Amino acid sequence: MTTSPKDDQAKNKAEQPAIRIGFFQLFRFASKRDVLMMVVGTLCAVLHGSAQPLMLLVFGMLTDTFIDYDIELNELMDDRKECLNNTIRWRQNLTATTILDIEYEMTNFAYYYVGIGIAVFMLGYFQISLWVTSAARQVQIIRKLYFGRVMRMEIGWFDCNSVGELNTRMSDDINKINDAIADQVSIFIQRFTTFVCGFCMGFIGGWKLTLVILAASPLIGLGAGLMALSVARLTGMELQAYAKAGAVADEVLSAIRTVAAFGGELKEVERYDRNLILAQRWGIRKGLIMGFFTGYMWFIIFLCYALAFWYGSGLVLDLEYTPGTLLQVFFGVLIGAMNLGQASPCLEAFASGRGAATIIFETIDRVPEIDCMSESGYKLDRVKGDIEFHNVTFHYPARPEVKILDQLSVAVKTGETTAFVGPSGAGKSTAVQLIQRFYDPKEGMVTLDGHDIRGLNIQWLRSLIGIVEQEPVLFATTIAENIRYGRPGVSMDDIIAAAKEANAYSFIMDLPRRFETPVGEGGGQMSGGQKQRIAIARALVRNPRLLLLDMATSALDNESEATVQRALDKVRQGRTTISIAHRLSTIRNADVIVGFEHGRAVERGKHEVLMERKGVYFTLVTLQSQGDKTEEDSVSMRLSRAGSYRASLRYYIQTTLIMPAQILGPSTPIPSTPPCIYNHTDIYFKLTLLSHNAFPEVEEEEEEPVEPAPVARILKYNSPEWPYMLFGSFGAAVNGGVNPVYSLLFSQILATFSIQDPDKQEREINGICMFFVVVGLLSFFTQIIQGYSFSKSGELLTRRLRRLGFRAMLGQEIGWFDDHRNSPGALTTRLATDASQVQGATGSQIGMIVNSLTNIGVSLIISFYFSWKLTMVILCFLPFIALSGGFQAKMLTGFAKQDKVAMEAAGRISGEALNNIRTIAGLGKESTFVEMYNAQLDGPYHAAIQKAHVYGACYGFSQCVVFLANSASYRFGGYLVKHEGLHFSMVFRVISAIVTSGTALGRASSYTPEYAKAKISAARFFQLLDKVPKISVYSDKGEKWDNFRGDVEFIDCKFTYPTRPDMQVLNGLNVTVKPGQTLAFVGSSGCGKSTSVQLLERFYDPDQGRVLIDGHESTRVSVPFLRSKIGIVSQEPILFDCSIADNIRYGDNAREISMNDVMAAAKKAQLHSFVMALPEKYETHVGSQGSQLSRGQKQRIAIARAIIRDPKILLLDEATSALDTESEKTVQEALDKAREGRTCIVIAHRLSTIQNSDIIAVMARGFVIEKGPHDQLMALKGAYYKLVTTGAPIS
């Protein structure tokens, strides 16, 4: 891209917009009703946020009840006590206490839980649905305002804002605002409330313990911070290291022909691999450090547990706290801290919403300089149609430094046809756009009948003007509707009349559906000539006073042009007409011809007058008439071979719509006369009309879907790392077991509180706290093992896949690289992303999965062991808990998809409107499109409102399941404790074990998308590895022979490039070169000279015919062997980013080359003296693509590179054409030296360089028209003679 300054501005814009809009300004479009909804939603969120801390109060009381009951049971163990009428008393009847009815108490707690659960469901539902509904209403308003405002902007604004960017803003940026003002707000408020309430509970319930817990939290924060910093730094390092390897890959893939010609594939794979080692090293370090910090954090957390329980139980023993208070305080602080962590992602959504809103709101507030929908300005009663430019100076807003019009003064009289002519960029089209008031001049003015057009009403002014452009834009509707766009409310008779005037009526009536025929997206179903005539009818139906024809026929073939031209001549009568044309034959009969140059009108008059003046017009006419002759010959030739039209149509669409420059790579010939492209596409388009299914075919080609790869095959590539994976899995398994062990220890601590003997109690507690520390230490080491092992195995796999992928790419035939899907950029991206995504199915992912599985396994074993009945009850709730987790994930993704589909219809309208904004402005149809867009928004809006209710209900359900599960399990636990003598600590043990396994399940399910992505990436990779190239570089199969002479013969070769099957490049080429001879190909570009050389190199194989080398057919010869005998020097030699010596050594990759050989080759190539004058001599770096050297120097290095191969056949592809005379002489001498004793094939445009060749073959249209030595051909006085004497191109 060349617009770097603009891009940079855009980047800076993107980096700093968030600051300009406050959070509350996002709600500036909220109505009173929306505000009410948001207030109620906020209230619900606050209440919902306080539910979890409230549950802890219940939990604390519940714990105390259980412990009291246990103490009483212990008392009953005492032989001296008895229980009478529910009262425990000493046998001597000294004291009495009432025994608890544990079942009754638990039933009460269960009701509390259910009550909180139901409240949470209601609050969750309202909190979400109210916020989402109000957001949907506001976003709809924002969309309407934004699109309405964009459609009012002046055309200059569109020049500075790319349409793609505006379309993205319409969809993505407004969605970002939606995210920032919808459910995220309420979830943030809820979590923040939980955080505040949790800490309040901690400080009110027990400030001492809270402070002790908080004292340890900086250590966790420090760990998290350091981890984030170091991971970011290491990722940066890894990316930088990979960027180097990526640069190698990009350089090699861009220069693939050079690599193939010199057989450097394996050398390049090694070079790429060397650069991968660094990236791998950083990746492994990253894994190790992440393992270390994760281990550290777990260690600190377990130490915190130990400290809290040790200190807290001390307070309980001193009777400061009840055990319930201890739990309330501990969990209150824990839950508060967790929720604070979970609230932070919402802040990110707010920030990106503010960033997106900045640009959108600024657009909504911007006042257009030329407001096309404004009512102001006056309308003239009578319009004559005199237009005059008074000293107009103008430059486009997007390019203020380039003056387009410079003091332009020109008058256009009523009823006359005025033609504007001049070279491209002289300001002709700009003048027409000023008449339409797309822009206002910077100085001077444009007048209509003496009135400055800036004072006139815009819509009225544009309604007087009919315009036909070079590339007419039709809208995706029927022919009749397209014509009706010209004037609203026009009758069918008027449409038919306009169609007749435009010479369009007859072809429309031939179509099956006549005027109701849809024209396709952008008029794609119509040929160029048909589109033009529909556009003319659309202009005529307006009955315009002014007709502007902007190169209206330039895109047509001769036949359609004549038809359209007749239509135009018919309609010009009696109207003021301004015609711009490049084909001057079309404007000879204009009343006045105005010649433009550098933004001024330099001459005016009739055709004959201007021809005598010999000015701008004369130059243009003479240049054109010469060009026309050659063109006519080639047209007839081109029409005679319309190949498979589907393939060519597909190719045409790919090239013109996708990436024109990329496909016509450096060596593919480009047809010499652009108009011919139009000629045959016009025929193809007519054919297309007959078969409507040609278009879908084109689109199918984009990205073929792939079956996800089987995991077994991915693991097979990772098999050498099995010891690492074994160790890592061991570490992961231990880590998975840690969580359930925590529930064991936690319930054990509760059990100690019911022990009566203080010394025994203290011993137990100290033991358990020590155990916490041990578990923490264990966790620390196993996390490190897991992190290191899996990062090692994953990074080795990534490197292996990248290397294999790169090797497979270099092994493909050259034709594969011509496909635009395999451009160097696309391939390097594939290497970078696909290979690293495959880690998602192995490496750390295996660790996570093993971790989750052991976690679930150990939890279930623990809980079934201690109480299988209670476990069964809780397990009934597990599906719901898992389901609610899945719901939340699905909610976020599933709804987004539906939204996308709903928005697509509106997106199509906005896309069509923005892409064709000039046509719409010219027709004054902005408001129509705004109405259509607004109508399309209703569907998505109603869907969003419905979604709000579903979303709210799901959210409420997922939040309340946990409360219901608790109520059932504690109630049943109470029953078991009373009737089956289960110890109360077991109830806690089982419940907390299962809950941790539930969260592990949730975590495991969150890895599935990564995993699926990995399988697809792997499949794409394996597709590449499994692809068998048509011309294999790596196989040694094929013929080889010892005394290679270099005898070359082309027999009847026919060839088309695989990406352009309709362009026959070689059409029966016959030519022979004997060993040691020099053959020169001459001919105009596109006649197949370079192609024949590429067939000899076996970059491609001929479609028909044969290429013989020493009598062996080229397709049977071993590719590496054949290429090792050929040296090539091309027009733009490609050098690699390394030293001069290395570049020369590249000539022969089969052996180690000594410095003496390099110097000898350099001397032969007249290069040695220049290199010795450089400070670093042969170690001088040539820069990327040889940018540090001049062209002559690059050429000579390329020659030395070819010489060092000691080739039997030397190919010189215009080796001196890019040089100035002096360098050319030096290089030519070097080449003459290099040619001695070798078979040589030269391609040249400068004929002086090939006069001493043994055979000169003149090519045209893919075959040889005459051949022989120079003198013989001169005597023939044929094509070659004409070339030498006039320098004219041959066609």
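Glycine too: its Cβ is placed from the backbone N, Cα and C atoms.
What TrEMBL says about a protein is an automatic prediction, not a curated fact.
Taken from TrEMBL, the feature transmembrane segment covers 35-59 (among others).
Per TrEMBL, domain 'ABC transmembrane type-1' is recorded for 39-352 (among others).
Annotated transmembrane segment per TrEMBL: 110-133 (among others), in sequence order. Outside the transmembrane segment (110-133) by six or more residues, the chain places 37-38, 40-42, 44-45, 47-48, 51, 54-55, 58, 181-183, 185-186, 190, 944-945, 947-949, 951-953, 955-960, 963-964, 966-968, 970-971 with a CB less than 8 A from a CB of the stretch.
Taken from TrEMBL, the feature transmembrane segment covers 185-205 (among others).
Counting residues 6+ beyond its ends, the transmembrane segment (211-232) has Cβ neighbours under 8 Å at 202, 286, 289-290, 293-294, 296-297, 300-301, 303-304, 307-308, 311, 329-330, 333, 337 in the same chain. The feature transmembrane segment is assigned by TrEMBL to 211-232 (among others).
Residues annotated as transmembrane segment in TrEMBL: 288-311 (among others).
Residues or ranges marked as domain 'ABC transporter' in TrEMBL: 387-623 (among others).
Remote same-chain partners of the transmembrane segment (722-745), defined as residues 6 or more beyond its termini with a Cβ less than 8 Å from a stretch Cβ, comprise 298, 302, 305, 768, 771-772, 775, 778-779, 782-786, 788-790, 792-793, 842, 846-848, 850-855, 857-859, 862, 988-989, 992-993, 996-997, 1000. Feature annotation from TrEMBL assigns transmembrane segment to 722-745 (among others).
Taken from TrEMBL, the feature domain 'ABC transmembrane type-1' applies to 726-1013 (among others).
Here TrEMBL flags 765-790 (among others) as transmembrane segment.
Residues annotated as transmembrane segment in TrEMBL: 846-866 (among others).
The transmembrane segment annotation in TrEMBL covers 872-893 (among others).
The domain 'ABC transporter' annotation in TrEMBL covers 1048-1286 (among others). Across the domain 'ABC transporter' (1048-1286), the prediction's mean pLDDT works out to 80.
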Tertiary contacts of the transmembrane segment (846-866), as residues 6+ beyond its ends and Cβ separation under 8 Å: 725, 728-729, 731-737, 739-741, 743-744, 786, 790, 874, 986, 989-990, 993-994, 996-997, 1000-1001, 1003-1004, 1007
Chain residues in Cβ proximity to the transmembrane segment (765-790) (below 8 Å; excluding those fewer than six residues from its ends, i.e. six or more beyond): 284, 287-292, 294-296, 298-303, 305-307, 309-310, 313, 724-725, 727-728, 730-732, 734-735, 738, 741-742, 745, 748-749, 752, 843-844, 846-847, 851
